[in-house]
């Protein structure tokens, strides 16, 4: 071995040497990103838009009080951890946007976490472009556009979810690309690292908001397709392919499931106290919370007996977030409804969304006139025939072949009044317990899910969720439905006591004075809570109001057609708005469209055996389009199917994809221009114009980004670049 060869070999080994590379441009962009997102982070020291909700959630979290949100809890957990680290105890009350935070609330520290994660989106986008095999100048352009977008900056500066969401989403894509580019180093430490980080990243994304499911689907699809392509590689052994599929299933399916469940385990085991949203959950869930509806063993009897006084709650809310209880009162159904149908003119039975003395019923044995509990109590069992006597009016729950008031396809339910006409009482009901455990046939408080089936007609007692007219006090309709097997016919006893008085007057007095005060929480398994919470999250409406002044439609988003007011100073026209950089948004939208057109153009040309670019370049161009254009469409188009109030911030996850798609297309055009030297100066000039325009727009609109400038009416008017932009102005009274 010659000396030169020996020296080269020694240089390659160097076991104690660490080589470090610094990308100066990436470091500069990252530094600018951190500065722009953390500058004056504590201003305004007031509630900004949805901080009203998330700051409330953090306060409840730190006090271990249960709350309900339609999104997974990770984002709130991160904010709560930051607040707890800063010494915040959650002892404040917030009720409106613009309210000044108390002095002991660590506003800066709690906004810092979203700001830092939002800042890191810039270098991640830079790295994604590099991993896609594009030039460093394309990476600089993409990262610069993300840096200069006012909307992404605003959303990262406050206690909001999107900064954290987009960070983990972008990290998911980067991790996949890093992993894909390590095909030559299978099963190495780096290979495992990026695969694990990919699985964790998309799990954390969807654990903040369920829109993260889109990036999870995209990344898992690419992994599955990569493995499918590996199956056709005859150089791979069967053991190699088996090892690959086992590892990918373990890391991309099992690990995310375990991580997701673990997040909810921490969430549910931490929130042990009753909170403001308890009534959204079932009685059993409420009973498991400290200070909530509870104390089966000491507060009320477990087994329902003949003579029991009970309240019946609808188990699965037909109106999301609005529990209701079987209710009756002295009013009767009108003789004729508005559509000229006749009624029975019997006593109304409704579902009432508030606790009320008229929600109490007495379980009666049809063969016995007594309403008192025997000694010892005789429990009601699955299959027993009972009567339900309204506690205050002493009339029996009844149904018959008369159309219900709002749902005429169902039977009317009433409390029977004997008018001495040919309408006999039909007030027998069969108890069907749906969740019998370990052969337990007794009807039990809270635990038992029951269906009450009318004996004469085999129709089940149902809460339709439809509102009665004014004659029914706008309460919810109760009917009897022959379609028995549905969730709308499931009930459970929530409050329960034994009737000890035989005289009606004393029974009524007992009911009026009854107040079920929880003494201790009952046990509900984690899995029961986990499944119930997800059921409520999926079927609950996210929005309480159908319209909002600043709501928008998906068609408004691509060209930055609407803004969203976040905060306004009470003393001047200084204000903060969610508003995109028009240059960035227009370029991104045009880039997506043109990229798709170019793919179609190349496909048509290749169909005619005309090859403008090589097979390798074409495959690379298509793959980049799948990642970037596909990612954009996947995070944008589903909103056209959403039936709810939408806001501009719903569009933010899609923005980073369209920005990268534009820069990828520009990089492709620049690569083609290398064969045409005269075109290159034009392309460079256009690039400088666009970048300068983005900087100009960013600086001009920064007054709405930071909200620290006192604006005059003329300045606001001059900055209203689009007709639909709606800024605020103080009304001065003379």
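Every residue number used here counts from 1 along the chain in the order it is shown.
Cβ coordinates are placed from backbone N, Cα and C, and glycine is handled just like the others.
Heads up, TrEMBL stuff is auto-annotated, nobody curated it.
The transmembrane segment feature in TrEMBL is assigned to 112-129 (among others).
Per TrEMBL, the feature transmembrane segment maps to 160-179 (among others).
Residues or ranges marked as transmembrane segment in TrEMBL: 191-224 (among others). Same-chain residues lying 6 or more positions outside the transmembrane segment (191-224) and placing a CB less than 8 Å from one of its CB atoms are 71-75, 161, 164-165, 168-169, 171-173, 175-176, 178-180, 182, 185, 247-248, 251-252, 255-256, 259-260, 263, 626-627, 630-631, 634-635, 638, 650, 653.
Same-chain neighbours of the transmembrane segment (245-268): 72-74, 77, 195-196, 198-200, 202-204, 206-207, 216, 220, 223, 227, 526, 529-530, 533, counting only residues six or more beyond its ends whose CB sits under 8 Å from a CB of the stretch. Marked as transmembrane segment by TrEMBL: 245-268 (among others).
Under the heading domain 'MIR', TrEMBL lists 301-366 (among others).
Summed and averaged per residue, pLDDT over the domain 'MIR' (377-434) gives 92. Per TrEMBL, the feature domain 'MIR' maps to 377-434 (among others).
Across the domain 'MIR' (438-496), the DSSP tally of helix, strand and coil residues reads 6 helix, 27 strand, 26 coil. The domain 'MIR' annotation in TrEMBL covers 438-496 (among others).
As annotated by TrEMBL, transmembrane segment applies to 583-601 (among others).
If you look up TrEMBL, you'll see 621-639 (among others) marked as transmembrane segment.
For 651-670 (among others), the entry in TrEMBL reads transmembrane segment. For the transmembrane segment (651-670), the list of distant contacts is 121, 125, 128-129, 132, 134-135, 137-139, 141-142, 145-146, 149, 151-152, 155, 162, 165-166, 169-170, 211, 214-215, 554, 557-558, 580, 584-585, 587-592, 594-595, 598, 621, 624-625, 628-629, 631-632, 635-636, 639, 680, 683, 687: same-chain residues at least six beyond its ends, Cβ to Cβ under 8 Å.
Sequence-distant contacts of the transmembrane segment (682-699) (same chain, six or more residues past either end, CB-CB distance under 8 Å): 141, 144-145, 148-150, 581-584, 587, 666, 669-670, 673. If you look up TrEMBL, you'll see 682-699 (among others) marked as transmembrane segment.
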